[in-house]
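Colleague: Structure incoming, see below.
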Ligand SMILES: Nc1ncnc2c1ncn2[C@@H]1O[C@H](COP(=O)(O)OP(=O)(O)OP(=O)(O)O)[C@@H](O)[C@H]1O
Ligand SMILES: [Mg+2]
């Protein structure tokens with residue numbers, strides 16, 4: 001678990017991060033969201049001591065990070081950045097093995113671990129192991145970057161706009177994969193982005209930063225409730241706020257428990273209301289069938305119900 | 001439709017590999033090299049070593065005809081081989097062959113001409129031969145430019161070939177060789193002195209610039225001071241710098257006479273080495289800093305974020321990524337050191353410059369050449385060796 005306690009960072013007399021107090025529970029994804037220059041990276045970099053706070057403290061698993069020397073601390077925390085930063089003169093396998101090698105693992109253990117990780121991030125080990133970074137596409141390079149961060153199996157992952165430089169399709173693919181990996185490994189992830197859709201797609205909790213201050217925090221649905229504060233409205237855009245809110249609500253909650261007529265378009269029960277709206281628009285239908293799954297008994301989703309909570 | 005075969009046939013020649021970009025330049029240089037001795041003369045004769053030489057006829061004979069034919073043929077070979085990109089290295093080798101044949105022709109001509117002259121007479125290559133040598137070197141350089149390298153093949157073959165010619169005594173008639181034979185021990189000590197001056201200055205400059213560059217890497221003010229100093233030295237004329245160093249060093253030696261045993265004094269190698277080293281600071285420090293910064297800030301951030309130590313970053317990122325750039329600076333500095341060491345003779349520092357300045361004093365062209373040729377050769381060798389090392393490291397990545 002990460003805990004920021006009244007953390008401030010000043011450059012000159014300007015507080016770039018200003019008295020931020022924030023908890024990131026074990027096993028959750030916390031997204032730091034804010035405009036460019038709002039202090040997201042600075043806040044994140046205080047966790048692995050790439051930046052030292054001017055005041056306040058950062059705790060990881062209850063221990064002040066300054067109690068551990070920076071190198072040891074960083075080897076226990078995965079770190080992924082937008083520019084990836086693969087070492088250009090090392091092959092993919094060596095890049096992934098960076099931290100295990102620093103930790104002095106045996107060669108055989110490293111080799112198995114590298115193949116395991118490449119497979120985990122969706123790169124066939126046989127094809128990619130011996131490539132140099134310049135032989136990878138942007139998406140493949142960032143997959144390697146993710147594998148490198150996961151190499152020594154750190155419980156904590158810091159990700160600074162890791163997908164921002166990728167095209168929208170690749171970005172969505174990697175977001176989905178990150179969620180899968182998160183579900184499989186249960187890592188605690190602190191994720192920085194300025195992309196609101198990405199934040200909603202990934203976050204268990206969102207922390208909104210504005211000019212270095214924590215302006216709002218909560219689960220996506222809480223954050224976008226009616227009457228939310230000005231910073232959130234600015235960030236998500238007044239006119240599209242309602243639309244983003246739909247993305248935070250599951251469709252099954254407002255489906256009426258009645259048997260759907262057979263010819264209605266089918267919406268998966270775990271879909272969001274935004275997806276429901278999209279399906280209605282594309283199918284030209286004002287009703288959708290939601291088939292039963294798990295505890296949900298199945299039902300029908302009405303256009304009228306959809307527009308009401310928004 | 002019946003037109004088709006004709007069209008295909010017409011397009012056939014275009015399918016053959018077109019001559020590389022270098023073909024024109026190399027061909028032109030080789031042709032000019034072949035012509036130069038005929039236009040500007042092969043041989044000069046002087047009544048003795050101090051009087052100025054006059055153009056002389058080449059006394060033709062069968063041996064000489066053979067050597068001259070070999071020279072012309074080799075020039076033609078350079079021109080032809082350069083028309084195929086794959087054969088450019090062979091064109092470079094042919095240029096070395098042409099150079100050796102050219103010198104052999106001049107050597108044989110000198111030998112024959114001296115037989116008919118007085119024993120005091122001296123024979124030397126005329127302008128045409130020097131120009132042709134320069135043109136051949138340029139042709140070889142163009143051949144190598146295509147693959148982005150220095151003409152190492154040309155240099156190696158030319159050195160071997162000329163060494164062979166010297167060993168067989170074929171060039172003994174040339175006055176420079178005569179002069180060298182007469183001053184064997186002096187030449188050798190001047191050569192080793194020159195190496196010591198250049199090597200000493202380079203070592204000293206490295207000892208200063210390596211630690212300072214490493215420190216300056218993350219200290220902007222130290223970097224500004226270092227580069228300001230290095231730039232400042234470049235502005236002072238070299239002789240003036242040597243002169244400026246004489247005073248303080250003489251004072252030091254007077255203060256601690258023991259220093260004299262180490263060669264430290266106002267006159268001699270010490271001020272020369274210090275002065276040369278001062279000039280090497282700029283190429284060394286700027287290339288060291290540039291090389292250490294080849295690893296981008298994003299890369300360094302990633303490395304630190306993984307928990308690499310600063311020493312690890314230096315060893316695993318900065319050095320391997322920056323070798324090429326740093327060696328480039330070392331190359332410039334080493335060649336500069338060899339050149340600047342010539343001036344050391346002016347303040348009693350020895351080296352090949354002594355022969356040059358003695359020659360100037362006596363107005364003896366051969367003596368000047370005897371000093372200059374090894375300097376040129378040494379520069380080319382140092383440059384070539386470091387270039388090979390540099391490209392070797394780039395391939396290794
Ligand atoms: N080393 C530094 N020295 C001075 N100012 C800095 C330094 N690092 C960051 N800042 C300033 O702190 C502010 C916040 O920077 P930070 O990188 O945390 O923003 P960010 O929210 O990550 O922005 P982006 O989305 O553009 O990455 C910026 O105004 C930046 O100029
Ligand atoms: Mg940032």
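Quick reminder: no glycine exception, Cβ is built from N, Cα and C everywhere.
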Colleague: Check each of the ranges B:154-171, B:172-189 against TrEMBL and return the one annotated as transmembrane segment.
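Modeller: My reading of TrEMBL: the transmembrane segment range is B:154-171.
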Colleague: Checking feature assignment: transmembrane segment per TrEMBL, candidates B:45-63, B:64-82. Which range matches?
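Modeller: The range carrying the transmembrane segment annotation in TrEMBL is B:64-82.
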Colleague: If contact means at least 3 Cβ pairs within less than 8 Å, sequence distance 6 or more, would you call the transmembrane segment (B:25-44) and the transmembrane segment (B:276-300) in contact?
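Modeller: Between the transmembrane segment (B:25-44) and the transmembrane segment (B:276-300), contact is absent.
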Colleague: Please tell me whether the transmembrane segment (B:321-347) and the transmembrane segment (B:64-82) touch - that is, whether there are at least 3 C-beta pairs under 8 Å between them, with each pair 6 or more apart in sequence.
Modeller: no
Colleague: When you scan the chain for residues with a C-beta under 8 Å from the transmembrane segment (B:94-114), skipping those not six or more beyond its ends, what do you find?
Modeller: 30, 33, 37, 42-43, 45, 56-59, 61, 63-64, 67-68, 70-71, 74-75, 77-78, 81, 121, 123-125, 129, 132-133, 136-137, 139-140, 143, 151, 153-158, 161-162, 164-165, 170-175
Colleague: Report, as numbers and ranges, which residues of the same chain sit near the transmembrane segment (B:229-256): CB under 8 Å and 6 or more residues beyond its ends.
Modeller: 264-267, 270-272, 274-275, 278-279, 281-282, 285-286, 340, 343-344, 346-347
